Structure formats: C-alpha cells, structure tokens
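Asker: Have a look at the structure that comes next, please.
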C-alpha cells in the first residue's frame, strides 16, 4: 500500500532528479509519470503504485484506460486525470507532448486523479 504522503514529500529533489536521469538513460522512449489520488478524493481507491513508465507514443485516452483498469472502475464511475493538479488535457494528446509542456523541474510528470472535475479552486 502506498504512503499517504505525496511522492515529492517521500523523496528528496536530488533523489528524484537522479532517478529521472537513470530512467531516461535506460528507457529513452518512456515518460516517467507520477500518478496519485487527489488529496480530497473519497470515492476512488488508491493505486497500488504511483510511479509509471509510459511509452512516449501513448495518448491520454490510453493512459486513462490503463489507470481505470488498475483501479478496477466500472464504466459508469466518473474519473478525471489532471496534469499538475490543474490541467485537464485533450485525450488525443500524446503523453510525450504533455511531458514537454508540463514536466516538473525534477523531470517527472505529475498527475492526480479524482471522481469529480471541480476541485474548489
């Protein structure tokens, strides 16, 4: 079971940067993505892991399908995947494009998922 603390709080900035560098060297066609449950989410389960290596040709709709399957959601359950806790991106957008635009300074691409698209901002 993953920790309740966000990934950024569990690992130092230097460790995260080093890990991304190793991942990109060993898997140049994979995007390092951290996917965590939105902190206020109550309905959706917690993923069994938070770190994913996503092939760079995958688009957002494929990633959503993968995450829905991992969460074992039924087709009627609402599910929203947000980049950097704020951006809903087009499902046809390749993950490589999103990575270039939205990656964190540590090199990971951060996403959160929730059952509602309104987050009280």
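Cβ atoms here come from the backbone N, Cα and C positions, even for glycine.
What you are looking at is a predicted structure, and each value in this text was computed from that prediction instead of being measured.
Pulled these from Swiss-Prot:
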- 120: phosphatidylserine amidated glycine (LIPID)
- 120: phosphatidylethanolamine amidated glycine (LIPID)
- 12: phosphoserine (MOD_RES)
- 49-53: region 'Important for interaction with ATG13 and for autophagosome formation' (REGION)
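Give me the local environment of each listed feature.
Answerer: Residue 12 (phosphoserine) falls outside any helix or strand according to DSSP and counts as coil.
If one looks beyond the region 'Important for interaction with ATG13 and for autophagosome formation' (49-53) by at least 6 residues along the same chain, the residues whose Cβ comes under 8 Å of a Cβ in the stretch are 2, 7, 23, 27, 30-36.
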Asker: Other than its own, how many Cβ atoms are within 10 Å of the Cβ belonging to residue 12 (phosphoserine)?
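Answerer: Within a 10 Å radius of the Cβ of residue 12 (phosphoserine) lie 11 other Cβ atoms.
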